[in-house]
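Here is what TrEMBL says about this protein:
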BINDING   A:ARG55, A:THR56, A:ARG105, A:HIS135, A:GLN138, A:GLY267, A:PRO268  carbamoyl phosphate binding site
BINDING   A:LYS83, A:ARG172, A:ARG226  L-aspartate binding site
DOMAIN    A:3-147  domain 'Aspartate/ornithine carbamoyltransferase carbamoyl-P binding'
DOMAIN    A:159-305  domain 'Aspartate/ornithine carbamoyltransferase Asp/Orn-binding'
Amino acid sequence: MKRHLISAADLTRDDALLVLDTAEEMARVADRPIKKLPTLRGRTVVNLFFEDSTRTRISFEAAAKRLSADVINFSAKGSSVSKGESLKDTALTLEAMGADAVVVRHHSSGAPQRLATSGWINSSVVNAGDGTHEHPTQALLDAFTMRRHLSGVGRDLAGRRITIVGDVLHSRVARSNVLLLTTLGAEVTLVAPPTLLPIGVEQWSCQVSYDLDAVLAKSDAVMMLRVQRERMNAAFFPTEREYSRRYGLDGLRMAALPEHAIVMHPGPMNRGMEITAEVADSPRCTAVEQVANGVSTRMAVLYLLLGGSEPAIATARTEDARTEESK
Amino acid sequence: MVDDRSTTAQTAPAPPAPSARPVLEAPDIARVLTRIAHEIVERAKGADDVVLLGIPTRGVFLARRLADKLAEITGRGTAVGSLDITMYRDDLRLHPPRALARTEIPGDGIDGRLVILVDDVLFSGRTIRAALDALNDIGRPRAVQLAVLVDRGHRELPIRADYVGKNLPTSLRETVKVLLTEEDGRDSVLLGQRLKERSEGAGSGAGPDGPEGPSGADTAPAADR
């Protein structure tokens, strides 16, 4: 049995730093004429996407290909899933094809966990976003981006103040980021209307505020979350206009940030809603850089999970850490 | 060869076996590097287009020292960098993934230049094979040469060094450990005996790559492959 990356909580501080340091070296491959490493030659990575995604799927695909792995893309649309095939049968099919890693995005929270622990497959499972639960590689690439701007390569994020603003309730990015950034020593503050905060948020290892203007001046990075209308089955705020007035980031609010602070967005952006075009296009916004960093970070994750006889990260969850050579 | 590539990733440096004895001391190492520098200048006819690439960890320090010596001799700076070969190793699947080291190619690149790979110990030759593969992805040098501080024999591939600090005939039961001030606080080359449990526990996956002498690829004859 191999290791998986299901939750940002699976990563210790050392694990997380190892991923970020490895990603730093992977990033240098992108500057070379031949952007490819032979490391995962002969390994198969399946991108199993039950939910729409642009950047995450492309990012994982690019990462696996740069490491010379074979990539099989599977999206639920146009597959037997639309004929009613279950997750289990899909998994058994992948196992029969000899997948070494399954990168899974699913609309149900917990699907990757089920895939990893059910015994249906032997491959590593990497969570690429499950429902409103977690998105650990996004948190890693966010931490990578913050580290480059705020504390420097090789360091953690000790004492950095990160503000995450918006639809926390539906955001797997927020949950994974709170877990990972806290592990790395950052102080995280969530800002959202009370209706968009999940139940139990007071037990998360972070501060909560309802007032964006009050925290801006003390933020080293502000992460704007997308308002996920597709997941909203009720009225969480009166009007879009009121939301963007109170929780949107515009030029004025950006000016209130400390000079070194960066503006982050995991994408896709709703311009005019949580972020104005002026901010989105400003040099302080790292949204595009985050995409580039995503490839390096995912290369690091795939290398550390698949590159050797056993994974180098996230080993805590399983008892029998060492097995025979992988197929 | 491959020692020490994994020092940071794996176990802390084990102390050399009690019986380890020095075969080269600091002044010897300095003399040897001066000689190699002169040989490079002689063979490369002035070392104009030389790029020194050290293989982490200790090869990098040796490459920098060689660059300083070359500068003293020729009066010009020599391009120096590092080449991490981890992702090109042939024994990756026998051990847990290793932490990567820095690859730093000098600004002008390596195309059409004379690349001299620098490493501390030449043993199985597998590190150098990996380095040649890595170079292939970075550019096309005019020629590639190899400089090592110690050649301890037991090659498993048709590879030889162009510049050798010291030829050190060893048995496979012995370990060769290079200490450098930059990394270890002092300069020395130690010849020791491999600890018993180390050689016996060298099954695949056990990863006997301490920083000490033979490691990963080097124990290959013992490991079944």
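Cβ coordinates come from backbone N, Cα and C, glycine included.
Keep in mind that TrEMBL annotations are predicted by a computer and have not been checked by a curator.
Structural mapping of features recorded in TrEMBL.
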residue	record	Cβ contacts under 8 Å, 6 or more apart
A:ARG55	carbamoyl phosphate binding site	A:GLY267, A:PRO268, A:VAL291, A:GLY294
A:THR56	carbamoyl phosphate binding site	A:ARG105, A:ALA128, A:GLY129, A:HIS135, A:THR137, A:GLN138, A:GLY294
A:LYS83	L-aspartate binding site	none
A:ARG172	L-aspartate binding site	A:SER109, A:GLY129, A:ASP130, A:GLY131, A:THR132, A:HIS133, A:GLU134, A:HIS135, A:GLN138
A:ARG226	L-aspartate binding site	A:GLY166, A:ASP167, A:SER171, A:HIS265, A:PRO266, A:GLY267, A:PRO268, A:MET269, A:ASN270, A:MET273, A:GLU274
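Across the domain 'Aspartate/ornithine carbamoyltransferase carbamoyl-P binding' (A:3-147), the DSSP tally of helix, strand and coil residues reads 65 helix, 27 strand, 53 coil. Remark: of the binding-site residues A:GLY267, A:PRO268, the most isolated position is A:PRO268 (fewest other Cβ atoms within 10 Å of its Cβ). Around the Cβ of A:HIS135 (carbamoyl phosphate binding site), 26 further Cβ atoms fall within 10 Å across all displayed protein chains. Note on the domain 'Aspartate/ornithine carbamoyltransferase carbamoyl-P binding' (A:3-147): mean pLDDT across this stretch is 92. Secondary structure at A:ARG172 (L-aspartate binding site), as computed by DSSP, is helix. Under DSSP, A:PRO268 (carbamoyl phosphate binding site) is assigned to coil, being neither helix nor strand in the three-state scheme. Assigned with DSSP, the residues of the domain 'Aspartate/ornithine carbamoyltransferase Asp/Orn-binding' (A:159-305) fall into helix, strand and coil as follows: 62 helix, 24 strand, 61 coil. Of all the Cβ atoms in the protein chains shown, 26 others lie within 10 Å of the Cβ of A:ARG105 (carbamoyl phosphate binding site). Excluding the listed site residues A:ARG55, A:THR56, A:ARG105, A:HIS135, A:GLN138, A:GLY267, A:PRO268, the same chain places A:SER53, A:THR54, A:SER59, A:ALA128, A:GLY129, A:VAL173, A:PRO266, A:GLY294 with Cβ atoms within 8 Å of the centre of the carbamoyl phosphate site Cβ atoms. Largest Cα-to-Cα span within the carbamoyl phosphate-binding set A:ARG55, A:THR56, A:ARG105, A:HIS135, A:GLN138, A:GLY267, A:PRO268: 16 Å.
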